[in-house]
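A.B. asks: I have a structure here, written as structure tokens, and I will follow up with some questions on it.
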Amino acid sequence: MTKKIGTIFIGVMEGRNLVAMDSDGHSDPYCVVIVGDKKKRTKAVRHNLNPKWEAENFEFSLDPSIHNVVVEVFDWDRFSTDDPMGMVVIPVASVIDTMVDTIKWYPLVPMKQDDKVSGDLRLRVRYEKEKAEQEKNPLIKAIKDHDIVGVEHLLSKSKTDINVCDAEGSPAVHIAATTNNIPLLMLLLKATELKITSKDPHGNTPLHIFSQKCLVLTNEDPVTKLIEKGCFVNTENAIGEIPLHKACLSTTPKTVTLEVLLNKGSNINHKTKAGETPLHYAIKMGRNEFVRLLIQRGADFNVEGGKPPKKPSDLARELGHTAILNRIQQSQEISEWLSNLQLDALVPTFIENDMFLDVLPDVDESTLDSLKITVSGQRTKLLRAVKKLKSGSLSSSNSSFSASTSGLSESMASTTISMSGSMRGSAINTSSGNLNISCNNSGSTPINLSSSSVDAISSSGNNIVNSNNSEPKLNGSTNSTSPVVASPINDNNNNNNNNIVNNNKPTTTTTPIDDKNNSNNNNNKNSSNDDDNNNNNTPKDLEIPDAKGKEININYQDLAHLKHTHLEDNTSWVIDESSLKFLNLLGVGASGKVYKGTYNGTVVAIKVLKAFTDAKDIQEFKKEFQIVSALKAPGVVYFYGAGIKDKLCIVMEFCSRGSLYHILKDETVQFTWNNLFHLAVQAISSLNSLHTWSPQILHRDLKSLNLLVTEDWVVKICDFGLSRFDTGSNLETLGKLRGTYAYVAPEVYFGNKYTLKSDVYSMGMIIWEMIYRCINGAHQFPYQEYPNLKFDYQILIASAKKDMRPTFPPSTPQCLVDIISKTLLKDSTLRPTTQELYDEMTKCRNEYLANQEEWDAKRTIPEQQKFPNSQPPPPPTAAASPVSPDKPASALPDHLTRSRSNSSPVEPSLLLKKSSKNLILH
């Protein structure tokens, strides 16, 4: 008969956000608690997805053969088989040291891979060790009391049995391995009669126990001694774990034990009986340093393990371990790249030195020397491949390198440049009557219209006009051409003259410094004194990072010779930092700060890096610089230049109205169909600017927060790499948005290549957000209607594996349902292109213009939006007087914030309460 080791008490308390199994949207859940071969069941709670159970407490005896407690949840059905709703698996080892009630929420996991599952169970768990007589064996007692002198005295006696077990069956050396008392353990290991291969009731050797329990290891001596004494590094315990698995469960931050075990021949890809490798264990523990070491030493990141089976990347994604997921993806990419070059032998070298795809363009002879790659054939093949990468002729299978980021909200915020050997022309039909979005080879006019097209559009109602010059005008500039700003749509007059008019007068997209006088002095003029004393006028409460006493590890050549920037023979992009004036802090991130400021009198956003010597931060700076300096498109925030002397910074266009998200979120004003089409069509055009660039650019992090709106209601895409500039405010907003996963295409979850159609999926999700706001008069995040989807990974799994999508409001016009549904299809090849999406949205707008009363009747307007001051002012039309360059007309009210940047989504209410000059985010 198996010896009883204790009693476990399980109390089933309540559930939350369980999956709906019945056609009426409810379930009748009950639980089955399983311990060994014993099962006990709760009562069913009828018609409830948040059930509460009373007095459902169970008691089970434990013996050494029982390793897990399982609580299964089923939906009771009177007439058919009860459907599984998920289960909770609690390892006995995780509660065996707990002598008091532990109450916590446990997430439900599927019983079978395709089961529908959501929600959590709240359980009360307590373990009571089997009562035994007071420890009579003096050696066991001395070890548990950490009495080294007593142990030494007992071992000197010939009658002492060093292999004695305690009342639970654990040998003396195992007990010593749990004490964190290294001298005590080393003392026992000196005994010649010690049976080092003995196991405890769970099948663990002393090496298993020590690998997990030791927290004070400063050198490899104890581990080495255990191995030399006879502990094998690949011995399995009762559930198939080897000591390396146990080491991954350790709470110590040091990797000494893992390194010794691997050096001594531990199988890095050994599977437990559940199929899990040490890498799976390290990911579950969220141990980035363990994962890094395992991957560097050759861990297989493609093996599936666990129940249900998951690859390491899927497991990291599900658990929200973004940094770990990034490392796995980077390792996979470089492994594939080297494998295609038949250089598999170099994979460990590259991974060990963190040489991933994003740094390959910088690889040269000296790099190979530092990596100790001396074989001439390998060097030649590598340098040729790098040269191809730089020239843009890399094969499509390895045609992207990404700027990986850190933090939960930044995980997908990397910019990928797909290198193509051919220059890409227009993807848009340029026939008369269509809006033409084109890209020439110089990249200077990615969005343009012919005059015939303008006439055709004016008559048909398809109305966006973009300028041939994407640069916002600087005050005092001799350049006579500046962007033609799209005039807003008339929201008050239901007629067909809602055209966005080409205004030939020069305007700018920036805002004045003095936000208090916006209503009367909406211009960008600054006094000469301001220009002469910019740095002296920096507010005292701003702490601007500078490089005094430090060395900036970057220079002109580092940036000018970056691929696709075309800056080698031009120094105008190098900004004299004395011409910058810092007004107020907009955001603070891990790598730097974002300020509102002025450059030669024009309001700008200034991103300042605060670490001047950190190689990774410098690399992040170079990645964003590479993108923004190469792009000169009307739909992209304009790049003025960079400072590389005293402050490492990028100076970019300031978009005063903040993000599309904040416009949608302001529920004091109406958001009409005219507003929707005006902003949506521009957003699609902006995205097309990236997709038709040569080489193509995939944004990879499109969301309403990354679409900025200028003073003149022009939509600009932002955030091309320095995601670390996210502020505390932004992170909070991302939390409300449930991260970026709601906008991520299903193929990204499955690890497939990110494509243009992945960006189209994200744009479709953004337009859904706009449709919901327009129809219901209130903003809602995608998937918010599903209360069971509370976490990022749940959204990602539901959208990718279960094909779940946000629900359209019932009154949504069918043409919008049809086109947005196509953008959200699981099969990316069936989604429309940006051209097709643009054409379909234009058709929908024309349908609206022909049936305005019918469409407007579908909208619900909340009471607070019915007052006159909540209505957007009427815009000028072609027949009216031209728009003044000093005061552009607005499609929405002026009181929306004018002090937000892409890195600082500030609530409009905050800006109403205090001056933007004093606004500092915390």
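Keep in mind that glycine also has a Cβ here, set from the backbone N, Cα and C atoms.
Quick paste from TrEMBL:
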- LYS607: ATP binding site (BINDING)
- 471-484: compositional bias 'Polar residues' (COMPBIAS)
- 488-527: compositional bias 'Low complexity' (COMPBIAS)
- 1-106: domain 'C2' (DOMAIN)
- 329-392: domain 'SAM' (DOMAIN)
- 580-849: domain 'Protein kinase' (DOMAIN)
- 462-546: region 'Disordered' (REGION)
- 864-922: region 'Disordered' (REGION)
- 239-273: repeat 'ANK' (REPEAT)
- 274-306: repeat 'ANK' (REPEAT)
A.B. asks: Which residues of the same chain, at least 6 past either end of the repeat 'ANK' (239-273), have a Cβ under 8 Å from a Cβ in it?
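C.D. replies: Counting only partners 6 or more residues beyond its ends, the repeat 'ANK' (239-273) has Cβ contacts under 8 Å with 67, 202-205, 207-220, 223-224, 227, 231, 233, 279, 281-282, 285, 287, 289-290, 293-294, 297-300, 303, 305.
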A.B. asks: Report, as numbers and ranges, every residue of the chain located at least six residues beyond the repeat 'ANK' (274-306) whose Cβ falls under 8 Å of a Cβ in that stretch; write 'none' if there are none.
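C.D. replies: Sequence-distant neighbours of the repeat 'ANK' (274-306): 239-240, 244-245, 247-249, 253, 255, 258-259, 262, 268, 312-313, 315-316, 319, 321, 323-324, 327-328, 331-332, 348, 351-352.
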A.B. asks: For the domain 'SAM' (329-392), DSSP counts of helix, strand and coil?
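C.D. replies: Across the domain 'SAM' (329-392), DSSP assigns the residues as follows: 49 helix, 0 strand, 15 coil.
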A.B. asks: Sort the residues of the domain 'C2' (1-106) into helix, strand and coil with DSSP and give the three counts.
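C.D. replies: Each residue of the domain 'C2' (1-106) counted once, the result is 3 helix, 51 strand, 52 coil.
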A.B. asks: Averaged over the whole of the domain 'SAM' (329-392), what is the pLDDT?
C.D. replies: 85
